[in-house]
Amino acid sequence: MLATWTPDQELNKVRLRSGADMKRKLTWYDLVALGVGGMLGVGVFVTTGPVARKTSGPSVFISYIIAAVSALLSSLCYTEFSVDVPVAGGAFSYLRVTFGEFVGYFAGANILMEYVLSNAAVSRSFTEYLSFAFGRNDPNSWRIHVHGLMQGYNMLDFPAVALIIVLTICLCHSTKESSMLNLIMTAFHVVFFGFIIIAGFCNGKVENLVKPGGIAPYGVRGILDGAAIVYFSYIGYDTVSTMAEEIKNPSKTLPLGIVGSVLIVSALYCLMALSLCLLLPYNMIPEGASFSAVFELMGWKWASNVVGVGASLGIVASLLVAMLGQARYLCVIGRARLVPSWFAKVHPTTGTPLNATIVLGICQASIALFTELDIVIEMISIGTLLVFYLVSNALIFRRYVILSKNPPLHTLLFLFLLSSTSFAFSLSWKFKLHWWNLMLFAGLTFSATVIFQYFVPMIVMEQQESWLVPFMPWPATISIFLNVFLMTTLKMVAYKRFGIWACVITILYVFYGVHSTYHAEEILEMIVVDNVNVNSSTQQQITKVDIQLV
């Protein structure tokens, strides 16, 4: 469970288990487009309306800013790892080389859960916006109501299933062609974003931001609760890191692709959320297909149809990118033999993880057919926040223990204190304890970081192919604090569902994964020993022949 791998093993020995290599065809603009396309269609069109209406009010754009800061700091941690370990496994590989097999597996399984659930949710949102594009005012007009099924699972969505099937076929064919399709759709999508932003700022009213109830009718607490929910919007930038095996010049391309896409999307999200609240008072914003419905209520029928088309394109682009990333996660987990090795196979002609793509497509199509967005959205957020929290911890451990050769005890103690004080601060906020509790735990977090930075040396050895997060350990520390804080704002039902999933994947690891990986390593050692024996035998034969000739 605690066995770690080196970056060299991940890059060479483990990668060879897929057979054929993935083909390096992607450039920096492909990565930026993949990151932007992966994030844009998800957040604004799915979460903005419900959060503005029920959680944050007009201050939903501030919620996006807070979530953006957390996402940016996490993306910096991802970037350093992705340059150092440029494989398709993303967080799974980064944590496996740092904290060991089980932590990497646990993170990888949660990332897969996040991808499958978010893709299912977003594909259902596609049906809503597509109905507006064709002039239908009812978001459920293209769904089939089935009597006898539980509420929340009784609206069958066949257009969402059809979309997932089509995208799965595209992704099985080629990564480069899929990337070009995403690039075209993302370009059109950004144009639609521009239209909505301009329409909001030109035709909206500032008074809608303050009436009724002011700019923050639910208070600071509502803003922060909203930030935890809209964090779902930033799922997508981590997909860029999973493309590391298919990128030309990863050390230069990955930082630009990951950080650049987060910055672009953060700006667009804030402007879009602000424009929505300018157009209509927050308590009148519809929860389903919010942007199209707002234009419909304003009497702009044609604009509602245009927004429906643009949103549909954006959702297709985000689905394409997310499905691209999820298959690579499962492929690398299959290489490690934590799931059957059949998932790790890369097709020799297309250079894509064919088996993983097909199986995950079937899973999310099944969920998209039945399950409403509200049921999965908070579970998605908790899985994402947990994985980003683990990656930030791993970066501090890597810098101060693995690279700087310090004893691990001091760093582990600091990480424990950091998580504990962050958790205590978050609970004090959640349960509305006295203000001095907040000041105490915030001060302890700050003091622990200062003491750690002063007393534990960090040796920076910049290599030609490296990219390092500046001002360490502060970016990773703030990322840990924000991720813990945002996790505690989620509802208890999210933790219950997450707990069930955690039990399932742990049982799978104990009864299958740990034995399978151990057996795979035994076979690898036997092959190495056999090769050594063969080489030794051959060398002895050559020596005997030389002696006879002499």
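Glycine too: its Cβ is placed from the backbone N, Cα and C atoms.
Positions annotated as transmembrane segment by TrEMBL: 26-49 (among others). Taking Cβ pairs closer than 8 Å, the transmembrane segment (26-49) reaches residues 60, 64, 118, 121-122, 125, 129, 175-176, 179, 182-183, 185-187, 189-190, 193, 229-230, 232-237, 239-240, 243, 246-248, 252-254, 256-258, 260-262, 264-265, 268-269, 272-273, 276, 285-291, 293, 311, 313-322, 324-325, 373, 377 in its own chain, all 6 or more past its ends.
TrEMBL lists 61-81 (among others) with the feature transmembrane segment. Long-range contacts of the transmembrane segment (61-81) within its own chain (CB-CB distance under 8 A, at least 6 residues past either end) are made by residues 43, 51, 55, 90-91, 94, 216, 223-224, 226-231, 233-234, 237-238, 241, 254-255, 258-259, 262-263, 266, 269-271, 273-274, 277, 388, 391-392, 394-395, 398, 467-469, 475-476, 478-479, 482-483, 486.
As annotated by TrEMBL, transmembrane segment applies to 152-171 (among others).
Positions annotated as transmembrane segment by TrEMBL: 183-206 (among others). A Cβ distance under 8 Å defines the sequence-distant neighbours of the transmembrane segment (183-206), meaning residues of its chain 6+ beyond its ends; these are 29-30, 33, 36-37, 40-41, 44, 268, 271-272, 274-279, 291, 295, 298, 303, 306-307, 309-311, 313-314, 316-317, 320.
Annotation comment: TrEMBL describes 218-237 (among others) as transmembrane segment.
Summarising the annotation, TrEMBL assigns transmembrane segment to 258-282 (among others).
Residues or ranges marked as transmembrane segment in TrEMBL: 302-325 (among others).
The feature transmembrane segment is assigned by TrEMBL to 375-397 (among others).
If you look at the transmembrane segment (409-429), the same-chain residues 6 or more away from its ends with a CB under 8 A from one of its CBs are 221, 224, 393, 396-397, 400-401, 437-438, 441-442, 444-445, 448-449, 452, 455-456, 477, 480-481, 484-485, 487-489. Feature annotation from TrEMBL assigns transmembrane segment to 409-429 (among others).
Look at TrEMBL and you will find 435-455 (among others) tagged as transmembrane segment.
As annotated by TrEMBL, transmembrane segment applies to 467-486 (among others). Long-range contacts of the transmembrane segment (467-486) within the same chain, counting only residues at least 6 positions beyond its ends with a Cβ under 8 Å from a Cβ of the stretch, are 66-67, 69-70, 73-74, 76-77, 79-80, 83, 224, 227-228, 231, 251, 254-255, 381, 385-386, 388-389, 392-393, 395-396, 399-400, 415, 418-419, 422-423, 425-426, 429, 445, 449, 452-453, 458, 460.
Taken from TrEMBL, the feature transmembrane segment applies to 498-518 (among others). Residues 1, 101-102, 105-106, 109-110, 113, 336-340, 379, 382-383 of the same chain lie 6 or more positions beyond the ends of the transmembrane segment (498-518) yet place their CB under 8 Å from a CB of it.
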Positions whose Cβ lies under 8 angstroms from the transmembrane segment (152-171), at least six residues beyond its ends: 119-120, 123-124, 126-127, 130, 140, 142-146, 177-178, 181, 316, 319-320, 323-324, 327, 352, 357-358, 361, 364-365, 368-372, 374-375
